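A.B. asks: One structure follows; several queries about it will come next.
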Amino acid sequence: MAHSRTVTTTQSDILSTARTQVLEKGKGLSESQVLEVLRLPDDALDELLELAHEVRMRWCGPEVEVEGIISLKTGGCPEDCHFCSQSGLFASPVRSAWLDIPMLVEAAKQTAKTGATEFCIVAAVRGPDERLMTQVAAGIAAIRDEIDINIACSLGMLTSEQVEALAAMGVHRYNHNLETARSHFPNVVTTHTWEERWETLRMVREAGMEVCCGGIVGMGESLEQRAEFAAQLAALEPDEVPLNFLNPRPGTPFGELEPMAGPDALRTVAAFRLALPRTILRFAGGREITLGDLGARQGLLGGINAVIVGNYLTTLGRPAESDIDLLGELQMPIKALNDTL
Amino acid sequence: MTTPVAETSQGGAAAGAFCDQCGRPADGAEHPRCTARRELEPPRYCPDCARRMVVQVTPVGWTARCSRHGERSSAG
């Protein structure tokens, strides 16, 4: 009995603290506070999600940012990110492919047709070479000729000249994920460092582009490392955090890891929202595997305020219309083009 | 060339001599993990010859090209 009273007091303490500190004052939880949230028992999950939803509504509003993504250059990557089927170093079934400009424009049109206002062009590379930068420039110009949509890019690590070039092309947001806690990163990637990624993000911000930086949870990190990651993202102050759940890919070093349990995934969503009260928190890859169809609703009512709709880079997602219909049902309007959340 | 293929849900072709997920002979044998995976995966191997295909996923579909047997797509 004494033990259960202790647990109850602790959980009510952290939720009560979060209510005052995050909901009322807008100050995100610290690393140690996030860890307390991640340790909450399943029977506190509903209360936690409700609080995270209140925080999102209070500090971000009801709008949801909808995005589509496309792989411009697939596979054959020289890096060894252990979760990724596009590394050329693993025996993955994913083969190299380049998308041509007409197909890129078509993908942007498909995205816009879903109601999405964001379109992210992604390449599986360490960093862009001249050929890729030329292709990106031509692709952005061709998209702008035909449709009105915000264009983001994710092309790996950049030089300062490349940062400037992308900003000049009108790329409004750049994605470069830190992927996981700094202390866990060497277990996930060995061909480059967490600090190299941080440097690209610093240059992106300096150039005036919005910073999109998140990662993948469920890659064997401890709860302490998950809390560390949330705190490191909070320190970066990104405009957007895409939150992925590991989808174990055949042939990769993480191919045999078990997908994260649903309650853990939802606790993580809520904990990240409480660490980052004003940030765009996007449901990204792996949610279908980890949470199933119900997960979209639970996430959107538990701190999420942005989604990737339709398919991902190499895998398929829920049909876009399922998510769009759900937003209508939940009375969450899609963020209009060029609005800021 | 686009070859219409039999569809199972959004992703993948089930019919053929080889499994489109793992590339092993279909042989009427059950591939439970492949069946589960097919729900959220495009085909990776040509069902006719088991060659790895070049796959492009787009926001609303996919295309998969075998060097011997041509292109398949989610559009059929």
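Cβ atoms are placed via backbone N, Cα and C, with glycine included.
What TrEMBL says about a protein is an automatic prediction, not a curated fact.
Okay, these came from TrEMBL:
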BINDING   A:Cys77, A:Cys81, A:Cys84  [4Fe-4S] cluster binding site
BINDING   A:Cys120, A:Cys212, A:Arg282  [2Fe-2S] cluster binding site
DOMAIN    A:62-287  domain 'Radical SAM core'
A.B. asks: Far apart in sequence but close in space: which same-chain residues, 6 or more away, have a Cβ under 8 Å from A:Cys81 ([4Fe-4S] cluster binding site)?
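C.D. replies: A:Cys81 ([4Fe-4S] cluster binding site) has long-range Cβ partners A:Ser87, A:Glu179, A:Val188, A:Val189.
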A.B. asks: Quick check: which same-chain residues outside A:Cys77, A:Cys81, A:Cys84 lie with their CB within 8 A of the centre of the [4Fe-4S] cluster site CB atoms?
C.D. replies: A:Glu79, A:Asp80, A:Phe83, A:Ser85, A:Gln86, A:Ser87, A:Ala124, A:Val189
A.B. asks: Tell me, roughly as an integer, the mean pLDDT over the domain 'Radical SAM core' (A:62-287).
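C.D. replies: Taking every residue of the domain 'Radical SAM core' (A:62-287) together, the mean pLDDT is 97.
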A.B. asks: Between A:Cys212 ([2Fe-2S] cluster binding site) and A:Cys77 ([4Fe-4S] cluster binding site), how far is it from one CA atom to the other, in Å?
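C.D. replies: The separation of the Cα atoms works out to 21 Å.
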A.B. asks: Cβ within 8 Å of the [2Fe-2S] cluster site centroid (A:Cys120, A:Cys212, A:Arg282 excluded): which residues?
C.D. replies: A:Glu67, A:Ile69, A:Glu118, A:Ala152, A:Ser154, A:Arg173, A:Asn175, A:Gly214, A:Glu240, A:Pro242, A:Ile280, A:Ala284, A:Ala306, A:Ile308
A.B. asks: Which residues, sitting 6 or more apart from A:Cys77 ([4Fe-4S] cluster binding site) on the same chain, put a CB under 8 Å from its CB?
C.D. replies: A:Cys84, A:Gln86, A:Ser87, A:Gly88, A:Ala124, A:Val125, A:Arg126
A.B. asks: Count the Cβ atoms, other than its own, that fall within 10 Å of the Cβ of A:Arg282 ([2Fe-2S] cluster binding site), considering every protein chain shown.
C.D. replies: 24
A.B. asks: In sequence order, what residues of the same chain, 6+ apart, have a Cβ less than 8 Å from the Cβ of A:Cys120 ([2Fe-2S] cluster binding site)?
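C.D. replies: In sequence order, A:Glu67, A:Gly68, A:Ile69, A:Ile70, A:Ile151, A:Ala152, A:Cys153, A:Ser154, A:Arg173, A:Asn175 meet the Cβ cut-off.
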A.B. asks: Let me know how many other Cβ atoms fall within 10 Å of the Cβ of A:Cys212 ([2Fe-2S] cluster binding site).
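C.D. replies: Its Cβ shell of radius 10 Å holds 26 other Cβ atoms.
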A.B. asks: For A:Cys84 ([4Fe-4S] cluster binding site), what is the tally of other C-beta atoms lying within 10 angstroms of its C-beta?
C.D. replies: 25
